[in-house]
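Read the structure below first, then the notes.
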């Protein structure tokens, strides 16, 4: 009927007049459409440094965490020392996979989003993630979920040095939180992690450099101390006799004694630090020179530095679909 069509047209017109929360963010992210170096053996760095325990300044009254999830950073298991991670210690840790093959780590930041490194992503490849199990092979408590959409930072580059090495993966469907599946907290831009903070890096990467490109079966954990990018840059320039700045803003480093580091296969995984009884992801495993070499810190993407980009991508992706769904629903009701 003509009157029904007119009403629908008016409703759609009014919807289009409404300000869209995502519009301001539309240029903040890009869908991954071009190839990037990735994979278990090809990651530019797959050799990042371990984390440290977060110490934060309390001068600000703003929340130190971004609102990606109503709950985050409080696993049911307590974190303790060791090499193999106990079941449920790091419930935000995920394995980013191609078919059944582990290629990189990642972290669950809410029920439908995973944070990883941009260098882990190739275009035109179907990825999935495995969540909920410390074993990279077994599926006792785990789920394998296809990736719906991939967002790589638009300024990601591997020219001279790796820059803007961060990406977001939207899952095909949300997961339910359990003792083995739980998101990590994401720091706000004002989150001031201090040098020397003790954090932990986790992953299924190589235990020793030069080992076969096969992931370790059981999730590994290693503690590291945070080094801010200025000091880290000087350390790596000295170690490599380079005059080029290798570590810049947007990066953070981790270092402990020789032999304690991330390695190939750990890329994209989290550097997690405890703050006020919550675990916050300070870094994303990005790159390094060899693994666990004395005087060579591992380099991570600084998550707090990119927090606005992260929230922009999630807002844009999550607000687009409800409007489309509403218009389609109205069409079906009036047809």
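Positions of Cβ are set from backbone N, Cα and C atoms, glycine also.
The structure displayed is predicted, hence computed values, not measured ones.
Per Swiss-Prot, these features apply:
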SIGNAL    1-24  signal peptide
CARBOHYD  67  N-linked glycosylation site
DOMAIN    79-315  domain 'Peptidase S1'
DISULFID  104-120  disulfide bond
ACT_SITE  119  active site, charge relay system
CARBOHYD  140  N-linked glycosylation site
ACT_SITE  165  active site, charge relay system
CARBOHYD  176  N-linked glycosylation site
DISULFID  199-273  disulfide bond
DISULFID  232-253  disulfide bond
DISULFID  263-291  disulfide bond
ACT_SITE  267  active site, charge relay system
Item to check | Sparsest Cβ surroundings (other CB atoms within 10 Å) among the disulfide-bonded residues 104, 120, 232, 253 | outcome: 232
Item to check | All-chain count of other Cβ atoms within 10 Å of residue 165 (active site, charge relay system) | outcome: 33
Item to check | residue 176 (N-linked glycosylation site) and residue 120 (disulfide bond), Cα-Cα, nearest whole angstrom | outcome: 25
Next on the checklist: Which secondary structure state does DSSP assign to residue 119 (active site, charge relay system), in the simple three-class scheme?
Outcome noted: helix
Checklist entry - Distance between residue 199 (disulfide bond) and residue 267 (active site, charge relay system) at the Cα atoms, whole Å? => result 16
Item to check | Integer Cα-Cα distance in angstrom, residue 119 (active site, charge relay system) to residue 291 (disulfide bond) | outcome: 18
Checklist entry - Same-chain residues six or more away whose CB lies under 8 A from the CB of residue 140 (N-linked glycosylation site)? => result 133
Checklist entry - Just checking, which of 199, 273, 291 (disulfide-bonded residues) has the fewest C-beta atoms within 10 Å of its C-beta? => result 291
Checklist entry - Which site among 119, 176, 267 has the most other CB atoms no more than 10 Å from its CB, taking these as recorded positions? => result 267
Checklist outcome for this item: Check: min Cα-Cα distance from residue 267 (active site, charge relay system) over recorded positions 176, 253, 273 goes to 253
Checklist entry - When you put residue 165 (active site, charge relay system) at the centre and draw a 10 Å sphere around its Cα, which of the recorded positions 176, 232, 291 have their Cα inside it? => result none
